[in-house]
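Annotated features, as they stand in Swiss-Prot:
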{"type": "DOMAIN", "residues": "34-274", "note": "domain 'ABC transporter'"}
{"type": "BINDING", "residues": "Gly66, Pro67, Ser68, Gly69, Cys70, Gly71, Lys72, Ser73", "note": "ATP binding site"}
Amino acid sequence: MQNVLTQRLTNDEQQKTLKTLIEKNLEIKTMNKFDIENLDLYYGENQALKAINLPIPVRQVTALIGPSGCGKSTLLRCLNRMNDLIEGVKITGKLAMDGEDIYGNVDVADLRIKVGMVFQKPNPFPMSIYENVAYGLRAQGIKDKKHIDEVVERSLRGAALWDEVKDRLKSHAFGLSGGQQQRLCIARTIAMEPDVILMDEPTSALDPIATHKIEELMEELKKNYTIVIVTHSMQQARRISDRTAFFLMGELVEHNDTQVIFSEPSDDRTRGYVNGDFG
């Protein structure tokens, strides 16, 4: 009798644990990393973003698409306050990360560690492969060589680059191919353990083979990071993203699951853009 009761309790505990895990998994899937509400941005008198309302889900790839000058890169730079570096910029509205307004009383340097960025053109530092990845750690005052070695290897593995460079870590980063340099920049970013990785057209300067490797890498990275990517390639947005937001002349026309945006958009402007009628 006691064994039966014990077994029942064990089963009940297992069911309870399973329920908790399912609830947490659902919470991760439905949580937003960013909540953008009524966001306006001005460059002097010119309004570049107009009343943007956009949730960005956690641990998914969100693609920002639209013709040149539509505001997608401007919005991307809002997510880690890179626009602060531009004179005359004015921002109103709310942009919250994990519920905290990032334009409130926050440490901007800390924000930019949590929200890393990979730019259009690979920009490795003029130093060795190893030192590129270790640079941010050293800048934070970390001196433990064993710890730095571990982070460098882990980050290069995370960027799918370790096997290609492990025997030449002391070689200059400029000796890498363009695709390898871009993956090195991704490794440098994830070495700082961010929550979010922003990518501003990260494959536009790369050949198709290097582009494919970056896209494969993004599929792995989203298991641990929230990714927001600006892309001019409709095919790329369709391949890699979970959510897509379409911008036109500073306005967010619509956002939805990527499959919906490309197959059943609700706005004729979106339909025209994804069908190649303009752009």
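Please read every residue number as a count from 1 along the shown chain.
Cβ from N, Cα, C; glycine included.
Distribution of Swiss-Prot features across the structure.
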residue: Gly66; record: ATP binding site; contacts (Cβ under 8 Å, 6+ apart): Lys72, Phe246, Phe247, Leu248, Val253, Tyr273
residue: Ser68; record: ATP binding site; contacts (Cβ under 8 Å, 6+ apart): His232
residue: Gly69; record: ATP binding site; contacts (Cβ under 8 Å, 6+ apart): none
residue: Cys70; record: ATP binding site; contacts (Cβ under 8 Å, 6+ apart): Phe247, Leu248, Met249, Gly250
residue: Gly71; record: ATP binding site; contacts (Cβ under 8 Å, 6+ apart): Leu41, Ala48, Leu49, Ile52, Phe247, Met249, Gly250, Glu251
residue: Ser73; record: ATP binding site; contacts (Cβ under 8 Å, 6+ apart): Leu64, Asp200, Glu201, Val230
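Mapped onto three states, the DSSP output places Lys72 (ATP binding site) in helix. Working note on the binding-site residues Pro67, Lys72: by count of other C-beta atoms within 10 Å of each C-beta, Lys72 ranks first.
Averaged over the domain 'ABC transporter' (34-274), the predicted model reaches a pLDDT of 95.
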